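Here is what Swiss-Prot records for this protein:
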BINDING   Cys27, Cys221, His246, Glu250  Zn(2+) binding site
BINDING   Lys281  ATP binding site
MOTIF     29-39  motif ''HIGH' region'
MOTIF     278-282  motif ''KMSKS' region'
Amino acid sequence: MILKLHNTRTKDFSELTNFDNVKVYACGPTVYNYAHIGNFRTYIFGDLLIKTLRFLGYKVNYAMNITDIGHLTGDLDDGEDKVVKTAREKGLTVQEISEFFTEAFFKDCRKLNVVYPDKVLIASKHIPIMIEVVKILEEKKITYFSNGNVYFDTSCFKSYGEMAGIDLIDKDMTFSRVDIDKFKRNKTDFVLWFTNSKFKDQEMKWDSPWGFGYPSWHLECAAMNLEYFKDTLDIHLGGVDHIGVHHINEIAIVECFLNKKWCDIFVHGEFLIMDYNKMSKSRGNFITVKDLEEQNFSPLDFRYLCLTSHYRNQLKFSLNNLQASKIARENMINRLSYFYASLDPVALGVLNKDLKNFGFSEEKEYYDSFIEKVSFDLNISQGLALLWEIIKSENLSFVSKLRLAFIFDEIMSLNLREEILKNLENHDVVVDENMKTLIEERRIAKCEKNFKRADEIRDFFAKKGFVLVDTKEGTKVKRG
C-alpha cells in the first residue's frame, strides 16, 4: 500500500512511491531544557510516520538533528542563544548543558516508545559543512555582510516563503517577523553566520572567512541535510511553528545551494493546546514526562492520548483528558488480558507462530481496513477506533482479537503484549464456567479424599498451562 501524506508545500496529498530508500529528516530539540509533552506530541507523530512507513514495506533512513548552538530566544535573528543562556544561569558549560538535556530527551523518548533515529546530527559537530554552504552562497551573490553578520538575501530567491504564503511583493508582509533588524536589506532576510553576537559572552565560536562566530539555526539544519542526505530528501518533518520561518529558510538555503527543487514533501504536526494556548517553554506553561510520572501517569497514557487525535488537528491537553486516556488504555489491557488468559497452550502457540497468517476472512478484512486508514495521511486515530471495534466484536475469537491487536501495536506502540503479560503476572487468571465446575469438582474430591481425581483435574489444568493454588479464600488459577 502506498502512503499518502498531506504536503504543506503543495497544500494537497502526495504519494510516496519510492519504497527503496526513503530519506526522512526531523527537526529535533534545542537542548537547553527538558522537552515538554507539547514537543513530544510532534515526536510521537514522527515516530508514527516512521513506523507506518516500515510497516508498509518502505526502507527508511531517518535522521534527526540536535540543536546545541545558534537557536536564539526570538527564533528569528533576535535574542540570546538559548543553550548559552541556560548554561550561564546554571553556572555550567554549554557542552555540559547540551549533553545533559540530550540524554534526558532520548530517555523520555524511550519511555514514550519514540523510535531512535538512524542518525543523530549534533549541530556543533558539523561546522565545516555550514561554513562551506555559506561560502558557496556567497560566491553566487546570494548573501551580504552587514554589521558583522552574514545575511541571506531573500530577494535573490523568487519563491521564498511560498510554503508559508509570504508574498515578497507586499512590502508590509513580515509574517511572524515583528522585530525588524535595521541591518537587513529586506524584512525577510535572515542571518546565516553570526560574528557580531549581541552578547559578548557567547561561549561557542568557530573561525570562518568572516571572523570568529557561529551558525544560525536555519543554516545548521540545511547544511546537515546536505552533508548527510546529499541532494535529495523525501520527507521533512516538524511542527506547524516551523513553517513560517525555519523551514522556508531551510528551503531557501538548500535550493539556492543546489540550484534545484529540494524535498518534495513537508509534513507538519499541530500544537498540543493547554489553556487555549500552545504549550511553550518561553511562556512557562509546559509539562514534562517526569511531571506526568509524578502524578501517577504512565508515559504511555500520554501516547494513547496522542493516538486519539489526527496529527494535523490541535489536541487539547488537560489532566481530565489524560485521565480518560489512562482509563481507556488500562481497560484495553484488561480486556486483552482476559482474552489471553483464556487461551490454552495450543491457541497460544497459534498466536505466537505467525501473526499475519490469517485463518479467517474477518481477520484479513480488519487488517486491510487498518492498512487503508494508516496509509492515508496517518489516520492512526481511526485505527485506534477500529481496534476497539475488534475488541468488542462478538464475531471474532480471542485469538483473532489478540492477533490484530498485536499487529496494530507494531505502529501504535502501546506495548500491548508486554502489558498483558505484566498484568497476568500480577493478577489471577479469570476463570470461565467450565473451569469453575472443574475447580469445584476438585474441591469435593479432596474433601472426599478422592486424591486420584483431584490430581487428574490438577494435571488437566497443568496441560493447559495453568497452576491451581489453594488459598484460604479458595482455589486461584495462575499461569504456569
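Here the Cβ of each residue, glycine as well, is placed from N, Cα and C on the backbone.
It should be emphasised that the depicted structure is a prediction, and the values quoted were computed from it without experimental measurement.
Same-chain residues that are not part of Cys27, Cys221, His246, Glu250 yet have a Cβ within 8 Å of the Cβ center of the Zn(2+) site turn out to be Asn65, Trp217, His218, Glu220, Ala222, His236, Gly238, His242, His247, Asn249. Within 10 Å of the C-beta of Glu250 (Zn(2+) binding site) we count 27 further C-beta atoms, all protein chains included. In sequence order, Met64, Asn65, Cys221, Leu237, Gly238, Gly239, His242, His246 constitute the residues six or more apart from Cys27 (Zn(2+) binding site) in its chain with CB-CB distances below 8 Å.
DSSP assigns Glu250 (Zn(2+) binding site) to a helix in the three-state reduction.
Cys27 (Zn(2+) binding site) carries neither a helix nor a strand DSSP state and counts as coil. With every protein chain in view, the residue among the binding-site residues Cys221, His246 whose Cβ has the most Cβ partners within 10 Å turns out to be Cys221.
Secondary structure at Cys221 (Zn(2+) binding site), taken from DSSP and collapsed to helix, strand or coil, is helix.
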